[in-house]
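**Q** According to Swiss-Prot:
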{"type": "BINDING", "residues": "40-47, 62-64, 92-96", "note": "GTP binding site"}
{"type": "DOMAIN", "residues": "30-268", "note": "domain 'GB1/RHD3-type G'"}
{"type": "DOMAIN", "residues": "526-617", "note": "domain 'CARD'"}
{"type": "REGION", "residues": "428-448", "note": "region 'Disordered'"}
Amino acid sequence: MDKPVCLIDTGSDGKLCVQQAALQVLQQIQQPVVVVAVVGLYRTGKSFLMNRLAGKRTGFALSSNIKPKTEGIWMWCMPHPTKAGTTLVLLDTEGLEDVEKGDSKRDTYIFSLAVLLSSTLVYNSRGVIDNKAMEELQYVTELIEHIKVTPDEDADDCTAFAKFFPHFIWCLRDFTLELKLDGKDLTEDEYLEFALKLRPGTSKKVMMYNLPRECIRKFFPCRTCFTFPSPTTPEKRSILESLSPAELDPEFLEVTKRFCKFVFDRSEVKQLKGGHTVTGRVLGNLTKMYVDTISSGAVFCLENAVIAMAQIENEAATQEGLEVYQRGMEKLKSSFPLELEQVSSEHQRLSSMATQAFMARSFKDTDGKHLKALEGEMGKLFDAYRSQNKQVGLETHCDLLLYMRCKDPLILHVYFFPVNDARSKEKVEQNERSSLPISHPRPDRPFQVKTPHVLEVPGASVYPEEGISFRTDVEPNFFKVRKLQVDDVQMNLVRQKDKMSVWTTTIWKEEFVHLQQVRDERKLNSEIEKNDFFNAHRVAFIERVTNVKSIADKLHGQRIIHKELYSEITQTNVTRQQIMRKICDSVDSSGRIAKCKFIDILQEEERCLLEDLKQSES
């Protein structure tokens with residue numbers, strides 16, 4: 001994040017609400033989080049301290065007048081500067097006791113949320129720790145009214161909170177006292193402990209004096225104090241964020257540096273009751289849960305929060321494990337059909353991976369309820385995949401197209417594709433428009449899908465030698481057969497794994513001779529015929545010829561079109577009709593011989609078109 005975002009604000013109903021944009025940021029953070037929150041009276045410089053922890057001059061808004069800038073709770077996430085693989089989450093809260101708001105209940109909620117969400121709580125105040133400062137920290141005495149460790153109200157006491165509450169840091173701003181007691185120097189922590197010292201007695205006055213101190217001592221056994229001198233002169237306070245380090249008091253900078261180092265070194269990763277590590281995703285869910293509790297008027301219960309979080313995380317862990325399993329099985333599915341042993345082996349491997357993914361995210365699944373749910377769902381999916389593997393392995397009927405490409409040497413193309421697959425049939429006919437179709441019997445036995453089949457043709461070369469697999473999800477593959485001498489051709493299609501013959505036919509030599517005669521008869525023979533045919537159908541050539549590139553290559557190879565025109569029509573971005581117009585213009589201007597050669601090329605490349613045009617003349 002390059003700047004803070006609002007995490008908790010006030011909704012239209014006047015209640016606190018979580019901002020969806022901030023939740024989305026937290027949902028993306030899978031790392032453990034260290035959460036540092038700052039609370040304190042408004043206009044005491046909380047945001048300045050947070051910006052220093054972020055290593056920035058600006059970020060969290062600073063106010064230069066009596067109106068506070070921060071409202072609700074703002075969040076800034078960044079990589080932890082000293083703990084690898086950890087995210088630092090800074091929470092800046094709105095100032096307490098804002099005279100404009102005048103809502104003590106809201107202040108208590110803000111303070112309670114800061115305590116519940118943070119692993120380190122920074123309390124920021126001005127001056128010294130005296131009775132006034134303690135009175136301003138009244139919210140700590142109210143924590144026990146709003147937060148409970150267990151649902152059993154009688155079981156809670158102040159000491160129970162200490163295990164789950166954050167490290168407490170009291171930052172005293174504009175501190176001017178000399179740290180001495182009875183002539184002896186005091187450390188900042190010793191000063192804090194002196195200020196928290198209890199008075200003996202049971203009078204109401206003594207009890208009122210001791211109450212906030214006793215709560216701090218019991219709620220926050222881990223506590224620290226930092227005393228900051230004034231950062232600059234009074235007239236420059238309004239532009240504090242724009243001042244360079246050279247313009248700030250050196251002692252203030254030294255304390256700030258110590259404070260930041262302490263926070264980075266001592267702040268622990270946030271944990272739930274029971275020791276579960278909090279990630280950004282979990283922090284987002286906790287925030288939503290706590291704010292919803294406030295809206296309902298209920299009391300925060302740490303144990304209930306853990307139970308609710310366990311439910312959320314374990315359901316998500318189940319889904320995560322299931323996705324790991326499904327991704328792997330879907331990949332395996334592309335190779336169906338497979339032996340059942342292979343499918344079962346992959347099921348076991350992926351089940352183990354899915355369980356590991358589940359265990360990495362789940363917590364407190366003590367009865368194994370969610371793990372059993374994951375195993376049950378994987379079992380259902382396995383049954384479905386096993387059934388699909390069996391279905392894919394079923395036999396299905398196919399169609400066959402056979403073409404003669406040329407007679408000397410004899411070259412045949414043999415295509416297989418599903419029965420009634422019009423798209424595949426059209427594709428094959430388009431590819432073979434210059435070939436001659438051969439009549440043949442349709443296969444009367446079904447083929448096994450995705451299983452290799454080999455075509456046996458005695459006395460001929462067949463490619464691919466390893467065979468082809470019959471598939472329903474790709475364009476039809478084909479065998480290429482080459483035979484030097486034209487005689488009877490026997491074909492036998494064999495399923496490779498069990499050597500079963502699924503189709504056989506014989507094509508007699510006379511059929512090939514007849515096909516060649518048909519091809520020869522269809523050709524335009526005399527120069528006069530070809531010249532007249534060109535002149536009659538020039539417009540049709542421009543509009544209907546499709547193999548433009550192949551025709552241009554042959555025309556250029558026979559020097560019918562010159563190099564400059566060939567480069568122009570093959571390298572520029574023009575339409576097929578524009579190219580054919582240029583070709584026809586060039587052929588037309590070159591005379592009868594060029595027209596004859598052009599028609600010869602068309603008889604090779606556009607046989608169907610020429611036959612159609614000849615039929616239209618009759």
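FYI, residue positions are counted from 1 along the chain as it appears here.
Each residue, glycine too, has its Cβ placed from N, Cα and C.
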**Q** What is the Cβ neighbour count of Thr93 (GTP binding site) at a 10 Å cut-off, with all protein chains included?
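**A** The answer is 26.
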**Q** Around the Cβ of Tyr42 (GTP binding site), how many other Cβ atoms lie within 10 Å? Please give the count over every shown protein chain.
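**A** For Tyr42 (GTP binding site), the 10 Å Cβ neighbour count is 20.
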**Q** Can you tell me the mean pLDDT for the domain 'CARD' (526-617)?
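**A** For the domain 'CARD' (526-617), the model's average pLDDT rounds to 86.
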**Q** Counting other CB atoms within 10 A of each CB, which of the binding-site residues Gly40, Gly95 comes out lowest?
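**A** Comparing Cβ neighbours within 10 Å for the binding-site residues Gly40, Gly95, Gly95 has the fewest.
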**Q** What does DSSP call Gly40 (GTP binding site) in the simple three-state scheme?
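**A** In the DSSP reduction, Gly40 (GTP binding site) maps to strand.
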**Q** Three states by DSSP: which one describes Thr93 (GTP binding site)?
**A** strand
**Q** Using DSSP, how many residues of the region 'Disordered' (428-448) fall into helix, strand and coil, respectively?
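**A** Per DSSP, the residues of the region 'Disordered' (428-448) fall into 4 helix, 4 strand, 13 coil.
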**Q** Work through the binding-site residues one by one (Thr44, Lys46) and point out the residue whose CB has the fewest other CB atoms within 10 angstroms.
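**A** Across Thr44, Lys46, these binding-site residues, the one with fewest Cβ atoms within 10 Å is Thr44.
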